[in-house]
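The next block holds one structure in the form of structure tokens; read it before the comments.
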Amino acid sequence: MDKLIIKGGKELFGSVEIGGAKNAAVAVLPAAIMASKSICVIDNIPEIEDIQCEERIIESLGCKITRVKNSVTIDSTMLKSVKADTDDVRKMRASYYLIGALLGRFKKASVELPGGCPIGVRPIDQHIKGFEALGARVNIEHGTIIVEADRLIGTNIYFDVVSVGATINVMLAATLAEGTTVLENAAKEPHVVDVANFLNTMGANIKGAGTDVIRIVGVKELIGCNYSVIPDQIEAGTYMVAAAACGGSVTINNVIPKHLESISAKLVEMGAEVIELDDSVTVKSKKNLKGVNIKTLPYPGFPTDVQQPMSTLLCVSQGRSIINESIFECRFKHIDELKKMGAHIKVEGRIAIIDGVKKLTGAVVKASDLRAGAAMVIAGLIAEGSTEVTSIEHIDRGYPHIENKFKALGADIVRASQD
Ligand code: UD1
């Protein structure tokens with residue numbers, strides 16, 4: 001296992017390239033296995049552990065995957081098994097997309113219940129409700145979800161909560177159902193739109209992705225295609241927040257500025273400068289920004305995935321900031337680590353009250369989950385002295401080459417073995 005050692009206090013200057021969106025890629029790869037007669041070539045797939053894990057799972061089903069840099073070719077013409085039960089399935093959240101994909105193509109799936117970041121209960125009742133509404137029988141036995149249908153028939157499904165996972169998963173299955181499915185109260189995240197665009201490129205008939213009503217007219221089969229995944233909104237947001245916290249001027253390239261609006265608006269409210277061009281944003285900051293209040297919400301609201309990095313910035317911003325985490329009930333595990341570095345934070349349920357301090361000081365801290373890890377890296381970058389971030393396997397699940405990207409911006413950060 002590795003750790004990151006950071007000597008804080010350097011301003012950041014220069015530019016950073018953002019990779020493909022993790023949360024889109026982890027759904028696009030399972031969607032690709034729905035092509036029964038030809039291959040998919042997908043570009044801009046990020047080099048992160050969650051993707052490697054998912055590739056191994058897909059190969060275990062009988063698909064052939066080849067990767068050249070960020071381009072992944074998936075040949076699922078020989079796919080035979082509908083059973084995903086390797087250790088990798090339990091390691092990641094998005095393995096649940098194999099349920100929708102296999103159910104769509106084979107009308108049957110047997111997938112171990114997913115793992116992922118420990119940020120809340122994370123039920124999948126809305127996924128199950130959707131599959132059942134399409135006509136599937138769903139059973140959970142010995143930690144495995146088994147879903148079977150004689151036929152999948154399109155219908156109207158109203159989600160009780162706005163869920164990215166349920167929206168995408170049910171959309172996958174409905175793509176190959178008979179007739180029309182209407183998903184209401186659907187998630188509108190950019191990665192939902194990206195997966196719909198990918199499926200449409202494969203021959204699906206999906207309209208309305210990006211709004212809260214998605215209409216899917218089932219088709220008989222999907223065919224392989226070439227596609228490129230959108231840039232990662234959360235990786236971009238993390239570098240924006242880091243630039244605002246460290247001070248300096250950082251241009252974040254290969255982004256869709258529209259996807260970053262809620263983050264840009266908060267940074268501007270705090271006193272940073274954000275310059276948007278067609279496919280880049282530049283964040284300029286003189287540090288000592290003003291504290292603000294944040295409530296995490298489904299897109300286009302402030303993303304819960306950027307809440308943790310943002311809370312580090314608020315620790316060293318002037319005055320009191322209040323964070324309301326409305327999506328996940330346990331997404332404050334990084335707060336105790338920030339306190340070790342001198343932050344003044346009080347957590348009450350889903351609310352964190354942060355009183356800005358002049359500085360954080362280096363300490364040995366843990367990445368308790370993926371985005372918590374990013375929060376601790378930013379804390380290390382701004383702290384006085386040396387910080388060690390341990391358990392960075394969580395960070396590697398979602399941030400490609402994080403230490404190299406920060407080093408290129410002028411940070412003093414190295415990876416070392418934890419042993
Ligand atoms: C996805 C993202 C994750 C992000 C989250 C919210 C992936 C792989 N992960 O997670 O990075 O933080 O969206 O933007 O894309 N819920 C239910 N029942 C369900 C499903 C969800 O009650 O069946 C609840 C969840 O507990 C949570 C809320 O709905 O409170 C949103 O969850 P959801 O959007 O489904 O998150 P994920 O798809 O797990």
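One-based numbering along the chain as shown.
Cβ coordinates come from backbone N, Cα and C, glycine included.
Sequence annotations record features per position, and here TrEMBL assigns active site, proton donor to CYS117.
Annotation source TrEMBL lists phosphoenolpyruvate binding site at LYS22, ASN23. Shown in sequence order, PRO46, ILE48, ASP50, ILE51, ASP232, ILE234, GLU235, GLY398 are the residues of the chain, 6+ apart in sequence, with a C-beta less than 8 angstroms from the C-beta of LYS22 (phosphoenolpyruvate binding site). For the recorded site, LYS22 (phosphoenolpyruvate binding site), the DSSP three-state label reads helix.
Annotated UDP-N-acetyl-alpha-D-glucosamine binding site per TrEMBL: ARG93, ARG122, PRO123, ILE124, ASP125, GLN126, ASP305, ILE327, in sequence order. Its Cβ taken as reference, ILE124 (UDP-N-acetyl-alpha-D-glucosamine binding site) is surrounded by 21 other Cβ atoms within 10 Å in the chains shown. DSSP assigns ILE124 (UDP-N-acetyl-alpha-D-glucosamine binding site) to coil, not to a helix or a strand.
TrEMBL lists 7-405 with the feature domain 'Enolpyruvate transferase'. Looking just at the domain 'Enolpyruvate transferase' (7-405), the mean pLDDT is 96.
Sequence annotations record features per position, and here TrEMBL assigns 2-(S-cysteinyl)pyruvic acid O-phosphothioketal to CYS117.
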> Where does ILE327 (UDP-N-acetyl-alpha-D-glucosamine binding site) sit by DSSP, helix, strand or coil?
Replying inline: coil
> Any idea what the Cα distance is from ILE327 (UDP-N-acetyl-alpha-D-glucosamine binding site) over to ASN23 (phosphoenolpyruvate binding site), rounded to a whole Å?
Replying inline: 16
> So, in DSSP terms, is ASP305 (UDP-N-acetyl-alpha-D-glucosamine binding site) helix, strand, or coil?
Replying inline: helix
